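What Swiss-Prot annotates here:
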type	residues	note
REGION	151-322	region 'Transglycosylase'
ACT_SITE	Glu188	active site, proton donor
REGION	415-702	region 'Transpeptidase'
ACT_SITE	Ser466	active site, acyl-ester intermediate
REGION	749-781	region 'Disordered'
COMPBIAS	749-768	compositional bias 'Low complexity'
Amino acid sequence: MTSQHSAKKSSKNTPKNNRTFKGFLLKFSFTALVLTIFYGGYLDWQIRSKMDGQIWHLPAEVYSRLESVKIADNLAFDEVIQILLDNEYRQTTMVAAPGDFKLEDDSIVVLRRAFPFPDKAEPQRVLRLRFSHNKLSRIEDLVTVKTVDEFRLAPKLIAMLQSDNEDRLAIPLQNYPRLLIDTLILTEDRRFYEHNGINPVGILRALIANIRAGQTVQGGSTLTQQLVKNLFLSRERTITRKANEALMSLVLDWRYDKNRILETYLNEIYLGQNGDTQIHGFELASQFYFGRSIREISLDQIALLVGMVKGPSLYNPWRNPQNALERRNIVLRLMLEHKMIGDELYQLLSQRPLGVQKKGQISRKYPAFIQTLQADLRRKLGEHKISSLLGARIFSTMDLKQQAQAENAVGNTVSQLQLKMKNPHLEGAMIITDYRTGEIRAVVGGLQTQYAGFNRALMAKRQIGSLVKPSIYLTALSNPEQFRLNTPINNQPITINVKGSPPWQPRNYDKKYSDSVMLMDALARSLNIPTVNIGMKVGLSKVIDTQKAMGWDNVEIPKVPAMLLGSYTISPYDVTKLYQTLANQGGRIALTTVDSIADRQGNLIFQHDKSAKQVVPQEAAFQTLFAMQQTVERGTARSLQKDYADLHLAGKTGTTNESRDTWFVGIDGKNISTVWLGRDDNGETKLTGASGALQIYKDYLNRTNIEKLAITPPTTVKWVGINQYGDWDCESYRTIPIWLNNGQNFCGETSSPSLTPTTETETPPQESLWDVLDNPNPPAQ
């Protein structure tokens, strides 16, 4: 009876237990479904937040200056070829890819690269350049069948800024070669266009391998999963992370089309390391390893990049060339097996070397110029706006050829002088600037041009010595009633007493003196005594006002007599500011390394203002330039005459006390070159401006094509003859420029009175430093 009763009770409980279990299962399933939906929604929000927003903190791309080929420039055949080669175009027998050109009798056919220029994007163009009598005479667009007067060349990427240790060049999918895409899919994910984000067969295969190994050793990831892992997840290998990867891949594939996923992958994938900075995306990797855009590399180079996806470090072509070669050939073999290439082409490509360039440097090649550019950005835009430049294109003013020539000139000359003078601590710096636009073409901060160290061109403040003199003479020549180029200036030793200081006794460098010397000869020979006499006569305040107007407005200039001989410190960058104004005949333009900036959409957000402000009389600047030409012709820089007499260069040497610093500023028909040579510890160089810094300038001239300095005088300046004593002589062969401020006729007259220091009967000039002297009347000479 008891047994029967228990059986009945059990049979009654079974349906109830089943109902309880089913209820629990239903609740659990519903809860799991709700949680999955919510979690899936959360993952979807995470994915959309990134994919629909700013996926990457894109670096600002810095490019070299924009260059054009113009008929108006009257370019020779060889000059055009050199321009193309300098811009990394390739001479070929068949024009097939952007960047190719070939020679045909009296013409050149070139496939010009496409590029988003600051004002507008321009597509690639097939152009024929025709020459007549060895000069460019006609440019034909072979697609539109029209002639053009000029065409622009795409600038070179020279740096990337503000990238959070990740560099990439994100480009649209349509700009990637179809062959790259097909090779990538063949190698990494053959069912990419068929699966829904994950490949179950691949995952199962990887799961079995991992279980057997007892740890995660293999992945079966699709391209979508790889993208999810790189964009959203950590690098740890756990089951939880793998589950998230799979779920997010499903969501990503459901939310976005395959092309969007593929484009993001191509721009995201990690492909190497540039120092501390990661190289992401195939476009940047192509430039990093081959020095060319992804659209211009060969099929075997595509195979190498695709092969590196599996392990950028293991297959690094510089560190592990044999591994890289084997991996590339595996990819080529896959392409052969799937009939993407034929056997003959496979044999050819698999025998090729890797074809990588010398160790890649994307963002560290021109550190001194880039440091100067970053300082420019802070001055022009302010710190708060620099962060908004992410993804922008910065078009710099750097001329790649001039930069290389300047680097080689500094490196070669300083190294030679180190050996010659047995002084291994010598250093050098150089800045080259187009004085008509204020655009800086080259910056060299020291001998180690490839390393971002101390930028002497921008940061080193050193005494300038005689470089100060042209500004003093220009101040005097701005007053033509008192000073002209042939005005005789006293050249006898003087003593000046200043309150609170020992008597100051300036001396000429060569310790030679005379009764007087013409003003222009005093500058040409860089004589100290006449310079001090002129400066004291016009007044230190006026000299300082002139210097600040010409570009030294942020320089601390001491109001003491010694400032007339450059006793204060200035950087080569600031020196260039003043000489830019002088070379531009008194027209001051702000120096810049930035020509323009465009955002990612191509909108112009900055443009350098090339307009000049006249800050000193043009007539005075013209006469000062003429006197500086005399410096080269017969003065302290006369060694230039041997090879460059026909260029009529202007220049100024500078040497400081005990030869601690040597300087030279050279002016040609287009550029100013400011050169400093010295020691970081301020030690003696045993050199002068002529034997030190000038030698760097000479080396630079030997490497480049220089325009003749042909200055057009203002209409108020006329050429008048003088004799050997400086008196007017219209029959003389020697003529000088004279400012006809009152319509004078100088023939037959004597020159201006000889200038001597102020005497007791003279009234000191207003705001002159004679006011602060113990004895306002210097000793009689």
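Every residue, even glycine, has its Cβ placed from backbone N, Cα and C.
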Active-site residues (Glu188, Ser466), the one with most neighbouring Cβ atoms at 10 Å: Ser466
For the region 'Transpeptidase' (415-702), the mean pLDDT of the predicted model: 95
Alpha-carbon distance [Ser466 (active site, acyl-ester intermediate); Glu188 (active site, proton donor)] in Å: 67
Glu188 (active site, proton donor) - helix vs strand vs coil (DSSP): helix
